[in-house]
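First up is the structure itself, then whatever we jot down about it.
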Amino acid sequence: MKHLLSTEDLSLANAIRILDTAEEMAAVGDREVKKLPALRGRTVVNLFFEDSTRTRISFEAAAKRLSADVINFAAKGSSVSKGESLKDTAQTLAAMGADAVVIRHWASGAPHRLAATDWIDAAVINAGDGTHEHPTQALLDAFTMRRHWARLHGTPSAGADLKGMRVAIAGDVLHSRVARSNVWLLRTLGAEVTLVAPPTLLPIGVGQWPCSVSYDMDETLAKGVDAVVMLRVQGERMNASFFPTTREYSRRWGFDDNRLRALDSLGLKDTIIMHPGPMNRGLEISSAAADSPRSTVLAQVRNGVSVRMAALYLLLSGDTREPALTPNAAYSTKESH
């Protein structure tokens, strides 16, 4: 694996390899000294053309825990705001000796462009490009789900996939790079995925995605789900009215207090509620749901550091071979429900 640009082209073997390596990195986070010398002498650049405090800090923490040197580059106030191109910026970073570039860009495809050129000889990690993809968010979501799924089955999570897990991804799918990355990765891992959204917030061509589509949140919950991923309503990307009112949106597609109570009445005692953050409390998710024991929001933040440590380590370790797939036999033979 030379770059991490998309989950669509991530093989099952590589996906499980990243998740298993993240398990090892998580164990480091439980130690008193949360640091490894694995990337000492390497330089990781966080190249952010869009603001994202959470993702940048997570990548910075991941790189520093591996003893890498970190350079944070924000487009605001930089030469980029004066008209410098992506090519010129990349070549400048190459001259500084960057070994990995974590890029977030407003334009879909920018990380792929950077990786495909000879502007810089460095590993490229997509930290979110437009409305296209956000692979490390999908990986940390899958990591969180896999740990939960393994606990339910009483098996180790290492080597396991997500066969039989039912996942609903609900909300602003149209503008969500998280939804796209999650659909591809979760299907690769064997989960059954349902998108839940109003028709106005579903992208053209969604029928070709490897998932089912529903317009009814309550109907989806009634069919049974093991995890619900609530997506942020991205008002900053909307230049028109995509739903009547915020109150109507919350009532029909948000995870409110009534739906939180409904999980118990439906017998879904082990269903978890997820959100990539930041949350619009009272819109796509109620405070009661976000703060409930079912919520994995803080676990996702914690797991994000481990997953990003794994990605950086694997990309900079020099081993680009496709790993052999050795699934957890005990887990794979469990009867899915």
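Any Cβ shown, glycine's included, is placed from N, Cα and C.
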Per Swiss-Prot, Arg54, Thr55, His134, Gln137, Gly277, Pro278 bind carbamoyl phosphate; matching candidate in Arg17, Arg104, Arg187: Arg104
Chain-internal residues, separated by at least six, CB under 8 A from Gly277 (carbamoyl phosphate binding site): Arg54, Arg232, Val297, Gln300, Val301
Whole-number Å value for how far Arg177 (L-aspartate binding site) lies from Gln137 (carbamoyl phosphate binding site) (Cα to Cα): 9
Output field, carbamoyl phosphate shell: CB within 8 Å of site CB centroid, site Arg54, Thr55, Arg104, His134, Gln137, Gly277, Pro278 dropped: Ser52, Ser58, Ala127, Gly128, Val178, Pro276
For the binding-site residues Thr55, Gln137, the one whose C-beta sees the most other C-beta atoms within 10 angstroms: Gln137
Distance [Cα-Cα, Å, rounded] between Pro278 (carbamoyl phosphate binding site) and Arg177 (L-aspartate binding site): 14
